[in-house]
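A.B. asks: Input: one structure, supplied below.
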């Protein structure tokens, strides 16, 4: 609630005017509240200065004091406003009266120093006069200054500012300047030398790193050569690579002769998976079974047995490449008629192939190599040189030194086979090497 100055307005104004009047003997006035209301009344006035005013302050009330003092520096009158909040006042009253400070300051205008006091130590006359002296901003006595002119007599002639040069001190100063210039130059040279040495050290470390890499590459190459020499002559692997290239090129030629563009290996694999998933077992004759597995093994052209034991037959019309299956030894093919026959869409039954003609010296090695693969029962196998992570579910993952079995050469850059986890999928051909 706002403070009320109108109820006792004439008495308040009269006390204030008596203090601000310079010729009036009254030099202080004290104001307080009427009971617990917000009405301001005059608590007292006096002529005894700050010492008398301090004695009238009550520690259980909120009071406002306005006092006239003399500036100790200039001797001019100064006015001091004291906002007194006693230590015995409750917190609720303190909060309510805190909003009245600005209103009382507007009413008691002209104060040079405002002091917010809570204890007697805050209103000691010495402390108040010290604050008044600091607030004046001038260290002179207005009444002590004399306005009369005083003749102090003739002034002495002004001396010259010339100073004789001291050679010794000049030499020392110049020498000192040269010393610091030399020190700065040496410091700059030292930084350049450190930078040059750091560059040389960096180049030396780079050269050592290159040499270590070359030596490690040479040792890896040497170990690779030793492994190949210990495994046997490299001719079968080279001939196997030639056979793989021939298989891939023949597959592409068959696609081109059929007027179609060779599909990507990934598309071939997906089409083959779809074809195998949609193939169902059809009705068969009594005493015979139909097997897609025997279809893939026994429908090879007869000419392929004598020429390329590992050559897969590409079927452009079906849209997929047949698996690369090792040829069966002639002794195993002289049994009775098999109890399996191919599905109805391919009615060609397995028949005993004609006797294999005697191949040349080069093809003999290939036959021996493929027969060794047949005996292993794993098909075409390879060892991983690097690690590879599958990009999707149509590929397989493997680590270095893992074995990949049942490999089918479906493209020059992509093969497919069974990974170490048994999953069948594609993988890059340059990540593996065939096992001789």
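Backbone N, Cα and C atoms are what each Cβ position is placed from, and that goes for glycine too.
Here's the feature list from Swiss-Prot:
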type    : residues : note
DOMAIN  : 2-133    : domain 'ADF-H'
MOD_RES : 26       : phosphothreonine
MOD_RES : 160      : phosphoserine
MOD_RES : 176      : N6-acetyllysine
COILED  : 178-232  : coiled coil
MOD_RES : 277      : phosphoserine
MOD_RES : 280      : phosphoserine
MOD_RES : 283      : phosphoserine
MOD_RES : 291      : phosphoserine
MOD_RES : 296      : N6-acetyllysine
MOD_RES : 299      : phosphothreonine
MOD_RES : 311      : phosphoserine
MOD_RES : 340      : phosphotyrosine
MOD_RES : 350      : phosphotyrosine
DOMAIN  : 377-436  : domain 'SH3'
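Can you tell me where each of these features sits in this structure?
C.D. replies: Computed over the domain 'ADF-H' (2-133), the whole-number mean pLDDT of the model equals 90.
In the three-state DSSP scheme, residue 26 (phosphothreonine) falls into the coil class. Around the Cβ of residue 26 (phosphothreonine), a 10 Å sphere holds 15 further Cβ atoms from the protein chains shown.
When secondary structure is read from DSSP and collapsed to three states, residue 160 (phosphoserine) falls in the coil class.
DSSP classifies residue 176 (N6-acetyllysine) as helix under the three-state reduction. Around residue 176 (N6-acetyllysine), no same-chain residue six or more apart in sequence has its CB under 8 Å from its CB.
For the domain 'SH3' (377-436), DSSP puts the residue distribution at 3 helix, 26 strand, 31 coil.
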A.B. asks: Measure from the CA atom of residue 160 (phosphoserine) to the CA atom of residue 26 (phosphothreonine) and give the result in Å, rounded to a whole number.
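C.D. replies: Between the alpha carbons of residue 26 (phosphothreonine) and residue 160 (phosphoserine) there are 61 Å.
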A.B. asks: Provide the number of Cβ atoms within 10 Å of the Cβ of residue 160 (phosphoserine), excluding the reference atom itself.
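C.D. replies: Result for residue 160 (phosphoserine): 6 other Cβ atoms within 10 Å.
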